[in-house]
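Enquirer: Here's the feature list from TrEMBL:
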{"type": "BINDING", "residues": "R92, E157", "note": "substrate binding site"}
{"type": "BINDING", "residues": "E157, D184", "note": "Mg(2+) binding site"}
{"type": "DOMAIN", "residues": "29-195", "note": "domain 'HpcH/HpaI aldolase/citrate lyase'"}
Amino acid sequence: MRSPKDFFGPLAVGAPAPVREVPARPSRMIHFFDPSNEKMAAKVPGMVGTVDVLLGNLEDAVKADRKEAARQGLVDIAKATDFGDSTQLWTRVNSLDSPWVLDDLITLVTEIGDKLDVIMVPKVQGPEDIHYVDRILAQLEARAGLTRPILVHAILETARGMANVEAIAGASPRMQGISLGPADLAADRRMKTTRVGGGHPGYLVRQDPATDLGEGVDPVTAERTTYQQDLWHYTIARMVDACAMHGIFPYYGPFGDIKDVVACEDQFRNAFLLGCVGTWSLHPVQVDIAKRVFSPSAEDVAHARRVKEAMGDGTGAVMLDGKMEDDASLKQCLVILELAERLSANDPELADLYAVDAPAAEGEGS
Ligand SMILES: CC(C)(COP(=O)(O)OP(=O)(O)OC[C@H]1O[C@@H](n2cnc3c(N)ncnc32)[C@H](O)[C@@H]1OP(=O)(O)O)[C@@H](O)C(=O)NCCC(=O)NCCSC(=O)C[C@](C)(O)C(=O)O
Ligand SMILES: [Mg+2]
């Protein structure tokens with residue numbers, strides 16, 4: 001077990017000091033691209049400023065014989081691109097038992113460590129995996145002379161990882177967040193869905209049999225309404241709790257049915273309502289869905305503001321539109337307002353929508 005004091009010092013001589021609080025930068029969509037796919041990679045510079053996170057994927061979905069090309073492609077893109085203030089650069093390295101991960105870490109931290117905000121680690125099984133990455137990153141950061149620590153994001157995609165999710169979330173001050181990996185997790189748990197995220201029509205509850213259908217009608221086989229349930233509810237809810245208790249951020253993950261933009265929006269919204277701050281976008285068509293879902297609505301922001309005003313010093317109970325508001329419901333509203341303010345700081349359109357005073361652009365008003 002680590003001492004809490006270990007969290008205050010670097011794990012290698014000369015490495016930057018760990019962060020005490022995870023920076024709450026907008027990360028509504030973590031946009032995946034394959035740096036070895038020239039057509040896709042060519043689109044990346046043009047996406048800067050339109051997505052919160054660009055993630056160069058080196059793991060699954062990159063062909064085994066393109067792993068080196070993907071790694072080098074990411075280095076080239078990172079060196080040639082100015083990501084500005086509103087887009088972060090992340091990567092997903094290969095899994096810790098793969099033949100590629102050591103070179104992924106050494107090359108990326110050495111070559112573009114100053115541009116990388118977060119390294120996503122797949123198939124994390126327990127805190128020991130995070131400790132391994134934590135130490136090696138500190139050594140590489142020291143060698144590269146980095147002044148800012150690279151943060152770590154775990155993907156929850158094994159049953160053991162799921163059982164250890166709280167320990168993973170609290171394993172290191174580098175922990176930035178956790179995403180759901182529904183495909184690997186389903187396989188590892190031997191779930192019987194072959195979809196990448198989303199619901200399943202077979203996972204349902206059925207209305208009780210009617211009692212008054214008349215002579216000769218079998219109430220059991222008669223038509224009854226069914227309600228599809230969310231396969232991922234338990235997993236996401238537990239992940240959200242683990243992240244919240246350790247002050248890091250939970251994310252949904254991939255929605256593989258690219259054409260079904262409606263169900264994608266539903267899945268994203270469920271995750272947003274449960275506490276996730278963002279999701280992955282695998283295809284450009286999912287970017288706007290994520291942006292829409294993970295930015296609170298103007299109505300929710302206006303309501304939250306009214307509650308805040310009505311609650312005065314923040315204590316007691318009041319009636320607003322026939323509903324009780326009190327200290328606790330005010331806290332719910334403050335979650336929405338804080339998010340709206342954070343998003344508005346980088347997005348004048350949202351600032352306008354929420355009627356938040358956007359910060360003056362550089363040089364303005366001086
Ligand atoms: C689904 C695919 C094959 C459809 O790719 P496509 O080319 O067939 O699609 P398209 O509709 O024809 O594409 C239209 C245009 O958009 C481009 N494009 C297409 N996608 C992107 C992109 N992401 N970023 C930037 N540009 C993109 C594409 O190159 C094309 O350009 P063009 O108009 O010039 O011809 C493709 O979108 C893709 O490969 N996406 C990324 C897939 C990926 O990263 N998968 C791994 C994450 S999910 C996962 O790992 C699971 C997990 C967590 O591990 C676990 O649950 O266990
Ligand atoms: Mg996976």
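The backbone N, Cα and C atoms fix where each Cβ goes, glycine too.
TrEMBL does not curate its annotations; it predicts them automatically.
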Enquirer: Just the binding-site residues from R92, E157, D184 whose C-beta lies under 6 Å from any atom of ligand 2, please, or none if there are none.
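Expert: Near ligand 2, sequence order: E157, D184.
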Enquirer: Scan R92, E157, D184 for binding-site residues whose C-beta lands under 6 Å from an atom of ligand 1 and note them, or write none.
Expert: E157, D184
Enquirer: Would you mind giving the whole-number mean pLDDT across the domain 'HpcH/HpaI aldolase/citrate lyase' (29-195)?
Expert: 97
Enquirer: Please report the Cα separation of E157 (substrate binding site) and D184 (Mg(2+) binding site) in Å, rounded to an integer.
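Expert: Given the Cα positions, E157 (substrate binding site) is 5 Å from D184 (Mg(2+) binding site).
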Enquirer: Please give me the CB contact count at 10 A for R92 (substrate binding site), counting all chains in the structure.
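Expert: The Cβ of R92 (substrate binding site) has 25 Cβ neighbours within 10 Å.
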Enquirer: What is the interatomic distance between the Cα atoms of D184 (Mg(2+) binding site) and R92 (substrate binding site), given in whole Å?
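Expert: It is 15 Å, counting Cα to Cα.
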Enquirer: For the binding-site residues E157, D184, which one has the sparsest Cβ surroundings, going by other Cβ atoms within 10 Å?
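Expert: Lowest Cβ count within 10 Å among the binding-site residues (E157, D184) is D184.
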Enquirer: With DSSP assignments reduced to helix, strand and coil, which class does E157 (substrate binding site) get?
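Expert: Its secondary structure by DSSP: coil.
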